[in-house]
Amino acid sequence: MLEIRNLSAGYSEIAVLHDLSVGVEAGQFVSIVGPNGAGKSTLFKTISGTVKPMGGEILFEGENLMKLAPAARPHLGIAHVPEGRQVFSSLTVLENLEMGAITEAGKKNWAQTLEQIYSWLPVLEDRAGQFAGTLSGGEQQMVAIGRGLASSPKLLMLDEPSMGLAPAIADFVFDKLMEIRKDAGLTILLVEQRVAEALQVADKGYVLETGRVVLEGDGETLKADDRVRQAYLGM
Amino acid sequence: MTETQILIESTLQAIAAGILIGAIYGLMCVGLAMIFGIMRVINFAQGDFMMIGMYAAFFALTLLGLPSFLGPVVGPYVAVLLAAPLLYGFGWLIHRTLIRRVTGIETADLEGEGHYAQLILTLGIALILQNGAMILFGAELISIRTPLSSDAIFVGPFLDGLAVFLNKARLVSACISVVIIVALWWVIKSTTLGKSLRAAADNPEAAIYMGIDVDRSHRTAFALGTAITATAGGLLATNYPFHPFVGLEYVIIMYAGVVLGGIGSVIGAFWGGMAIGLVQQLSTIILPTQLQNATIFVFFLLIVILRPQGFFGRNVERT
Ligand SMILES: Nc1ncnc2c1ncn2[C@@H]1O[C@H](COP(=O)(O)OP(=O)(O)OP(=O)(O)O)[C@@H](O)[C@H]1O
Ligand SMILES: [Mg+2]
């Protein structure tokens, strides 16, 4: 579904990603882990087009994303839930969700999709009329995830959905994601600092360090890998 | 009439005049609110966009000979409404060629989010427009007269012979202003276009992730804001003569109105403009006309001290 080949990208001449290849098959749950500054968010931004690539290619269902304007990409079925939530703080919760639904796929069956989102994340229904900027961090994360789901995407990209949340809330977010994935059969690409959980549930995992893939494999294998255990799991 | 009666009458008269002119100021401020309040673009040329709108309406009226087939009363208003799409195009073009370089996603990383660059760029645009208009149109005072400009409706007599008169041209202009604002408010509040404009202004990066063409949204908002202020200018011109430097007189009123109403609130900007109209007219009861503008700023300072977020300002921090 998503095929990234030999990608290099960065900010004003300074390359952050070097010759990086990542693949996501339809229906898969793929996790990317790695230390701060490894380039995980940069990878997501390059996929979405807010960071310009320097080389390589990104194919989504066979289509070359680099030829498309950033704002055209979500319409193909890619939802990007960015790091740090980035909700529209001066819009209400419902309006935030509606913004997710401006893609063709999102507009279709919007009433049903909204009902479905509310059933996964009931807090959004309770807070529908509240300005998103006044919500707690955890609630804002629900808005960001709900907003991504509102576009009825084929691929949901989540950048550190547990960032800045208390462990209990982070667990809750994770459980929700698993529930949503099971119900909707979504393809998910996840970047996470909670390495154990992220690899536990993943069909495939990548370890990114200083802009390069240093390890890849199925989740269980990676989790059992000595280097991963030492560096990320503290074992 | 007793002295109290005279005072009451002149107060009522000032309030009536203030509401009428306030509605037009309100429309003017709403135009700036789209650009400065919502998109956060500092535009010093807003007053000059208004001036261009006034000339556009004037030339639409005279060159197309509108009065000859629409009549002298309807013609000018049609001219004003014709100028609006023209100025929409003008705003669109200015954004496409110049403003986009110093706004939006391009400048998210710049110091002050590109505000310094905007300041200098739009100041430059303002100077070019003022002097360009001076060369093309000359310095003579022009107005878009209608027979209504010197006609009034008398309300009264009520309460022992009190009466208030309303200038018909201003009354019509005020009504048109209110209709436009209500329509715009609905568009911004309830339509997908309006919501995506707000989203693109609120968080351009996230808006891109939603599939919103942020550059186009910004351009739409900028062009809309230009057209709205220009329309207010045309409506004003049915009663006030104008010249190439008229923008300078109003750009300050516009910023004051937007700040009074609460930055980011379109409806607030309308009430900000309305408040300025009222204060300006009420001040004439006790103060010489030359002090009108000074009174506005005393009032402005008071409000800013007492309620820094403006009438409708929310304390939602933008992230
Ligand atoms: N806008 C920017 N301009 C210049 N350099 C940037 C920019 N954003 C990120 N970088 C640099 O790119 C590198 C990778 O950053 P990135 O945000 O992709 O890391 P990350 O893996 O997501 O880290 P974290 O886990 O902390 O979120 C870092 O060295 C960072 O300093
Ligand atoms: Mg990151």
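Glycine is no exception: its Cβ is also placed from the backbone N, Cα and C atoms.
TrEMBL does not curate its annotations; it predicts them automatically.
TrEMBL annotations:
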| type | residues | note |
| --- | --- | --- |
| TRANSMEM | B:12-37 | transmembrane segment |
| TRANSMEM | B:49-70 | transmembrane segment |
| TRANSMEM | B:76-95 | transmembrane segment |
| TRANSMEM | B:116-139 | transmembrane segment |
| TRANSMEM | B:169-188 | transmembrane segment |
| TRANSMEM | B:220-240 | transmembrane segment |
| TRANSMEM | B:252-279 | transmembrane segment |
| TRANSMEM | B:291-312 | transmembrane segment |
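Ranking B:12-37, B:49-70, B:76-95, B:116-139, B:291-312 by CB pairs under 8 A with the transmembrane segment (B:252-279) puts B:12-37 at the top. Here the transmembrane segment (B:169-188) does not lie next to the transmembrane segment (B:49-70) in space: the count of CB pairs under 8 Å, restricted to residues six or more apart, is fewer than 3. Tallying C-beta pairs under 8 angstroms between the transmembrane segment (B:12-37) and each of B:76-95, B:220-240, B:291-312 places B:220-240 first. Long-range contacts of the transmembrane segment (B:76-95) within the same chain: residues 45, 49, 52-53, 56-58, 60-61, 64, 66-67, 70, 125, 144-146, 172, 176, 218-219, 222-228, 230-231, 234-235, 237-238, each at least 6 residues beyond the stretch ends and with a Cβ under 8 Å from a Cβ of the stretch.
Outside the transmembrane segment (B:291-312), and at least 6 residues removed from its termini, the chain residues within Cβ reach (under 8 Å) are 253, 256, 259-263, 265, 267-268, 271-272, 275-276, 279-280, 283-284.
With a cut-off of 8 Å between Cβ atoms, the residues of this chain six or more beyond the transmembrane segment (B:49-70) that come close are 28, 31, 43, 76, 78-80, 82-84, 86-87, 90-91, 129-130, 133, 137, 142, 144, 226-227, 229-234, 236-237, 242, 244-247, 250.
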